[in-house]
Structure formats: structure tokens, C-alpha cells
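Novice: Have a look at this one before I ask anything.
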Amino acid sequence: MSMQIILAGLGIFVLLGAYVMFKLKHAHREIEQLLKTNAQLQTQKAVAETQVKHFEVRKKNEENTRNTSRDDVINRLQQSGDLRD
């Protein structure tokens, strides 16, 4: 009778160990997937931030171009020595 109790206890212990190992493997796979997704999202975020920055610079340059008169452009070209006579 005591041998049966020992074997039953050992069987429960083995099953519990197998269950824990299964859960740990599953958690490890999920962590790896989340890390991979996080890396992709970080890359997409960097690309989006760069696009926003380029858009803001372009918008600022367009505003500067619109606000600049012809005489201002000629004066700046003369000062920098780029105006051809």
C-alpha cells in the first residue's frame, strides 16, 4: 500500500514538473514573439519620426520661400557672391 502511495506521489510530481516545463516553454516563446514585435515597432516608430521631421523641415522651408521677396533673394545672393552679373 505504501509503495502505491509513493508511486502515485511520484507520478503527480512528474506530471506537475512536465506541466511547469510546458508553461515555461510557452512563456519563453511568447516573450520572444513580443520582443520581435517590439523591435519591429521601434523601427517603424523611428521611420515615422523621421518622416514627421522631414515634413516639418519641408513645411518650414516652404513658408520661408513664400515669405521671401525677390529683392531679398537677390540681396542674399549678392552677399554670398553667388549672383552672376
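Each Cβ is built from the backbone N, Cα and C atoms, and glycine gets one as well.
In case it helps, TrEMBL gives these features for our protein:
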- 24-51: coiled coil (COILED)
- 52-74: compositional bias 'Basic and acidic residues' (COMPBIAS)
- 52-85: region 'Disordered' (REGION)
- 6-22: transmembrane segment (TRANSMEM)
Novice: Taking only the residues in the coiled coil (24-51), give me the average pLDDT of this model.
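Specialist: Averaging the confidence scores along the coiled coil (24-51) gives 98.
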Novice: Summarise the region 'Disordered' (52-85) by DSSP state, stating how many residues are helix, strand and coil.
Specialist: 27 helix, 0 strand, 7 coil
